[in-house]
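Below: the structure, in structure tokens.
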Amino acid sequence: MELVRACILRIEGTNCEDETFSAFKNAGMHPELVHLKQLTGDAEPRRSLEDYDCLMIPGGFSSGDYVRAGAIFAARIKSKLMNDVIDLLERGGLIVGICNGFQVLVELGLLPGLDDLVTDEPQMALHTNDSNRFECRLTLLRHELEEGESPFTSRIEKGAILRIPSAHAEGKIVFPEEFQDEYLEKMRENRQIVFRYVNPDGERGGYPWNPNGSIEDIAGITNQRGDVFGMMPHPERVFHAYNDPMRKRGEIKAYGDGKAIFDSIFEYLSSRK
Ligand SMILES: NC(=O)CC[C@H](N)C(=O)O
């Protein structure tokens, strides 16, 4: 079977690329750590997004979160790489952004990607958490889609509650006030809302279960086309079970709840080979 090649993109300040690389590799894919400068011809060995099936932007503090988290990383992509990014999607590839990567995809305008709604303004933003603090702890995510519905979570049943850690300062999903209801309705219709923060009963519980104050407790979304996905929590940190603090004492399990996302991506991309 042909390799499923994933570009794990980084710049200065990215700090989750290694565990993201490991998650892609352990899920059967062929990941490569690539610096943005290798894709823009400013560093050797040169690379091209044409050679990848998946573009993954991992977590971290790219460019020190100056201006806004993800803003500078996005500006550098937008200035030199946007055509290659769109070509990857047109070829049937997938794009994933986790935490800082999600912030980059929102800054690029790829999320929420409400294609039939064109506005001059960004369609969404990730603001500073309501607590005004960096929130770092386990979070519980309820899967809002059907099993098999999204290429990013096809292995996860509807209503499943996943234990996936969060660690961020700017994770609050907000929409432009005048479009908020319209956009949320569109996103519900388009099945773009993938995960919501919940309490242990699986209900929407507000803070601290929702660490940032995101509207409707939204934790992860796709674009309207369904080929770009972003989430604030870090599934790569719980690919293996050892990092799952809520694992019952004595419970022997090899993998954490994050593995299903990487397995879903592999299943989708390998089925296209
Ligand atoms: N873990 C991360 O990727 C953090 C993202 C960003 N630096 C923030 O604090 O919001």
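Using N, Cα and C of the backbone, Cβ positions are placed for all residues, glycine too.
Listed in TrEMBL:
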ACT_SITE  Cys99  active site, nucleophile
ACT_SITE  His234  active site
ACT_SITE  Glu236  active site
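Around the residue listed as 'active site, nucleophile', the C-beta neighbours below 8 angstroms that are at least 6 residues distant in the chain are Cys16, Pro58, Gly59, Gly60, Ser166, Ala167, His168, Gly171, Met231, Met232, Pro233, His234. If you take the C-beta of Glu236 (active site) and look for same-chain residues 6 or more apart in sequence within under 8 angstroms, you find Cys16, Glu19, Thr20, Ser22, Ala23, Pro58, Gly59, Ile98, Gly258, Phe262. In this structure, His234 (active site) belongs to neither helix nor strand by DSSP; it is coil.
Cβ-based neighbour count (10 Å, all protein chains) for His234 (active site) stands at 24.
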